[in-house]
Amino acid sequence: MADAVFPTQATAQTRYISLFGTRTRFVIMVLILLCLTSIWSNILAFNFAVICMDDDDSDMDTALNGTRKTHFTSTQNSLAMSIVAIAALLGNFPIVQLVGMVGIRTVFAGLGILSAVSTLLIPLSIRMGFYYFLAVRFLQGFAFAANFPVIGSFCAKWSYFKQNGLFVSSLVAYVQLSPAITMPASGALCSAFRWPSIFYAHGAVSLLLFVTYALFYRNSPQKHPFVGNVELKKISIGKIAAVDKRALKKVPYGAILKTPAIWAVWVAAIGNFTCVNMMFLFSPVYLSKVLGFPVHSTGISAAIPPFLQFLSKLICGAISDRLTCLPEQMKFRMFNSFAFIGSGAFLCVLAFMGDSHKDYNMIVLGCAAAMLGATTGGFFKAGPVLSKQYSHFVTGNISLGITITMLIVPFFVNALTHNNTQEEWKWVFLITAAVMFICNVFFVIFVKGEPCEWTSDNFHRASSVADLERNSVRNPTISTVSRNVEDVPEKL
């Protein structure tokens, strides 16, 4: 009876553990997936809001360019997207460093709340002027830089080694889940409440998710009250126990940057996100301006390709884990080639289609998106497998692929599609397919299938000895003490 009112620590912990059993890591994975999705959705909401603004007859705001119904010029649209990429590029390295030093609980929670508040301020900043709006978009982009370091750090600490592909594929699928949710939700909000409601709804949901995350997440499974011994032992399999916090903070940057297999992962990210940003940043424009879908159905139509890719990512990630009969290197090459070549082939087909049968265009675009989902068994999975405990750095820098292409893609798409005709978009599709093919060739040649040498215990022991020798050269006292210790006979 007393335990029911004033439970002991042991009783309380037993209750916590029994709540999710041995599946706490999956609950946390879903929570992080929703948080990642929210940050990306906050950024993508603008792409649909622009269409909503142009279609809003009642909005007479002329703060940006003094014209009715047209809130943003083509150049301003490009700048609004590119400023996010610039901010993410500037934030990438310091955020990776912060994640290595203090973990993702504090860093991700803080940046997520920053993203939520920035999103809530967007309607006000638009009315104040374009440069105020760019400042708020910069904050959104800076917060976005945390996404891939968070994925790398979480998978390195929380995933069971046989489920690594499932965890990676589930979390990187936020890139597709975001537009699959944001586009139809934004369409419904636009029709019911006008464009400011898009940002208010996204910001409010984001704030709720990140407050929940800050309260529930722990940087280590050992510190989480809901994780029992059975689940903890399972998670610990394959982890390097000898690596302490100081070793994790000391990332071997030189060794990593000299590894061709790591560059293969990063180059593949460039190819992947060239296609992803082309599809998901500009699919509302392509569907409404080229194919002629009305605004109320553009949101639903634009959500189909990312939703198909989201399902493809989950399926391919699970299949990759179960294909134990094939070596990892072969699986990386096979899945990545299937994704890049298959998606590029459908884009080439789409390039030479007309615009008279828009339903067929939608089917081909959906197939191109679905094929790209197989990357979860390719470079996305290769990053954590190759870098293990340093996945927060290697996987974190995959974000450079999405930010660099986010910076470039808007300018090259807008430069080629002045009139938004199918003939102009043909070159967008063909160039995207060519970039993916070239990046896949590089990946297939240089990727490896086993963890890199600098993830091993031997590498860290050798590094520690080298550090001690360097210190002894600078400080002879250390050398003298070391020799004296070596001269002491072992105690029998």
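These residue numbers are counts, starting from 1, taken along the chain as shown.
Glycine is treated like the rest: Cβ placed from N, Cα and C.
Taken from TrEMBL as is:
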- 26-51: transmembrane segment (TRANSMEM)
- 33-451: domain 'Major facilitator superfamily (MFS) profile' (DOMAIN)
- 79-99: transmembrane segment (TRANSMEM)
- 106-124: transmembrane segment (TRANSMEM)
- 130-154: transmembrane segment (TRANSMEM)
- 166-185: transmembrane segment (TRANSMEM)
- 197-216: transmembrane segment (TRANSMEM)
- 263-287: transmembrane segment (TRANSMEM)
- 299-320: transmembrane segment (TRANSMEM)
- 332-354: transmembrane segment (TRANSMEM)
- 360-380: transmembrane segment (TRANSMEM)
- 392-413: transmembrane segment (TRANSMEM)
- 425-447: transmembrane segment (TRANSMEM)
For the transmembrane segment (360-380): best-contacting stretch of 106-124, 263-287, 299-320, 332-354, by Cβ pairs under 8 Å: 332-354
The transmembrane segment (299-320) vs the transmembrane segment (166-185): 3 or more CB pairs under 8 Å: yes
Top partner of the transmembrane segment (197-216) among 26-51, 130-154, 392-413 - counted as Cβ pairs under 8 Å: 26-51
Paired segments the transmembrane segment (392-413) and the transmembrane segment (26-51) in contact, 3+ CB pairs under 8 A: no
Intrachain neighbours beyond the transmembrane segment (130-154), with Cβ under 8 angstroms and 6 or more residues off its ends: 28-29, 32, 36, 39-40, 42-43, 46, 63-64, 76, 79-80, 83-92, 95-96, 99, 103-104, 107-108, 111-112, 114-115, 118-119, 121-122, 167-168, 171-172, 174, 383-384, 387, 391-399, 402-403
Leading stretch by Cβ pairs under 8 Å, where the reference is the transmembrane segment (26-51) and the options are 106-124, 166-185, 332-354: 166-185
When counting Cβ pairs under 8 Å to the transmembrane segment (332-354), the leader among 106-124, 166-185, 263-287, 425-447: 425-447
For the domain 'Major facilitator superfamily (MFS) profile' (33-451), mean pLDDT (0 to 100): 84
Recorded stretch, among 106-124, 263-287, 425-447, maximising Cβ pairs under 8 Å relative to the transmembrane segment (166-185): 263-287
Same-chain residue ranges lying at least 6 outside the transmembrane segment (425-447) that approach it to Cβ under 8 Å: 260-261, 263-265, 267-268, 270-272, 274-275, 278, 286, 290, 329, 332-333, 336-337, 340-341, 343-345, 347-348, 350-352, 378-379, 382, 412-413, 416-417
